[in-house]
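K.L.:
So that we are looking at the same thing, I have put the structure below in structure tokens.
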Amino acid sequence: KPRMEVRPAAQGQAAAGRVALLAMLLPVCCRSAPERIRYAIPEELGRGSLVGPLARDLGLSPADLPARNLRIVSGDEKQYFTLGEKTTNLRVNERIDREGICGAVSPCVLSLEAVVENPFNIFHVSVIIQDINDNAPQFDREFVAIEMIESTPPGARFPLGSGRDPDIGANSLQSYQLTPNPLFSLVMRESPDGTKQPELVLEKSLDREKQRTHHLILTAVDGGDPVRSGTAQIKINVTDANDNPPVFIKEIYKVRLLENLPEGSLAFQVKATDGDEGTNAEITYSFSDITNSARQRFTLDSRTGDVKVTGPLDYEEGKYYEATVESKDGGGLSAHAKVHIDILDVNDNAPTLSLLPILNPIPEDSVPSTVVAVINVRDRDSGDNGEVTCNIDGDLPFRLEPSSENTYKLIIASALDREKVSAYNITITARDRGSPALSSRAALVLEVSDVNDNAPVFEEAAYSAYVAENNAAGAPVLRVRARDADAGANGRVSYWLAGGSAGAAGAAPYVSVEARSGAVYAQRSFDYEQCREFAVAVRAQDGGAPARSSTATVRVFVLDRNDNAPRVLWPAAGAAAGAAAEASPVPFEVVPRSAEAGYLVAKVVAVDADAGRNAWLSYELVQAAEPALFRVGLHSGEVRTARAVSERDAAKQRLVAVVKDHGQPALSATATLHVVLAESLQEALPELSERAAGADSPAELQFYLVLALALLSALFLLSVALAVLARVRRA
């Protein structure tokens, strides 16, 4: 049954599976949890097997799980674990072979990260893989041939090939057994490196004439339950006497090789000597005990003892190799030496980067220290060659912060503004401390999402529009335009009249604004004489939540059109637009007959309600009994004598002056002036009385006509009333 313990995190022994990449996390309240959750499970558990109640051990209740969004992330290429039962329990996802993952390393630990949100937290989870006895001991050679001369003294020892068991602890190889034989026994010899090697001991003298060969079985036994074992067959050939066995110069060869040593290079040389002569002194070399991995990388020249590299040496694949070299002379005597080969690391692996965006796109109002991505760095080298530092290229509003082993957090360092920079191309460089240093780069594109932090801005703070009066209702006045630096709905601008209508009291009926385009339209026809200008406030509002707005003032100036004819104030005004009509009563002016040229007779006074050129007036004399006697000032309207008055001039003069403006088309009015030529008022009275009498006659006639009509009407009504009364009396 899996077991679990929770205790403070400690730096564990390096394992094959390491933390690679953190999962989803929220951008605020980021902190790394100090706890480490530990579980222990046996290897080779089936898929779906329970590892531990992760959610419960993290203190998460089932009600909290949807909001906390529990996730796990592992840096291994294979995802050995997964979350099941609605992300509550940690379960096995892939076959776990302890020997394939960790080899001889103990304990074998697989690490992963558990990430929760709301608030964000990281928990380090370690799963210890316990060994089971799933491997039997094996020998590198199933058949071992040993040659012994018959004169070999009792007590002589002959090394045998070692068995190998990839299991560890009690499940590993524990002992050797030899089939019973009175001539031979088995002992264990501990080598200087601490390993135990089985050796065959000759107990009694050999007699070739009695038995030339002997067959034995060597059994390697582990300590598992059930016990597993492996065997090797040993064949001993008894040969004639050979006085001196070979002797190695060194009992143990310790060799250190760089991992980048090219294939075909001489790695080292073993050397043995023999005191015999002739064929008994001819020594051949061979590997008597060597692992398959070492056999694939090294070859031994049987004549010279040269060991050459025949396969790639990679410190990351194998740091240490061990072999036993046998030297045998022509007479069959042999000697053995141990070879320990240490592979030295060189900086031949550049760091690798894994990037996981956490917050992409990034809201532009994200506060500094928000985590936006997690970077996992790995370097297969060791020592300084495997120590990696990360940095961000360029001057960007982000920084890297170490999170855990081999993991960095990409954090916002300063405020973001989408309107200035909408996306960031971030290049992260990882560089090791080797010599020469190796580096690698990874690019990450982070987009900045819009927040409604900008109000619409009008192109102009105040607009001016000029509209000629008498315009048609619905005519366009102008178009206002506001721009919003935000995007989407936050940048979609609508227009309204401030206050819900046209803005100011009194201006409400005049204009309206189209919400989408900002076009301002006239609501009615403008009259310059009633309103020469007005102002409204237009509000531009975006579609964000909450919405932002700004206002601009639109001032409309009404332009004058020539729609008013001049109006004569004195003398009595005539009809407009060139149609002359005289008013009653008509004033008279008395001019003495002794008047000289330039005598001021009268002044025509007129006004025009229009403005500008439309109100510029000019005067012209269009009708006179004596055209040469009078003239009128073009701009002053003064009527003066053009020459001296003579006795031949008629006593009564009728003058008609026209007043014109300068509009297009021009409008006009007329004024009629009666002039009496007399030296004094008494002299002019008869003319005035005659004129008055002539003027009263039509009035008296009109009065009598009206009186007669009234009398006839009264008589008619009286007759009708009498007729009705008589009819009623009869009834």
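Positions of Cβ are set from backbone N, Cα and C atoms, glycine also.
For reference, TrEMBL lists these features for the protein:
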- 1-32: signal peptide (SIGNAL)
- 33-139: domain 'Cadherin' (DOMAIN)
- 140-248: domain 'Cadherin' (DOMAIN)
- 249-353: domain 'Cadherin' (DOMAIN)
- 362-458: domain 'Cadherin' (DOMAIN)
- 459-568: domain 'Cadherin' (DOMAIN)
- 591-688: domain 'Cadherin' (DOMAIN)
- 703-726: transmembrane segment (TRANSMEM)
K.L.:
Do at least three C-beta pairs under 8 angstroms join the domain 'Cadherin' (362-458) to the domain 'Cadherin' (140-248), pairs 6 or more apart in sequence?
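P.N.:
Touching, no - the domain 'Cadherin' (362-458) and the domain 'Cadherin' (140-248) miss the threshold of 3 or more Cβ pairs under 8 Å.
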K.L.:
Report the DSSP secondary-structure composition of the domain 'Cadherin' (591-688) as helix, strand and coil residue counts.
P.N.:
12 helix, 41 strand, 45 coil
K.L.:
Write out how many residues of the domain 'Cadherin' (362-458) are helix, how many strand and how many coil, based on DSSP.
P.N.:
4 helix, 51 strand, 42 coil
K.L.:
Mind tallying the domain 'Cadherin' (140-248) by DSSP state, helix then strand then coil?
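P.N.:
Its residues divide into 3 helix, 56 strand, 50 coil.
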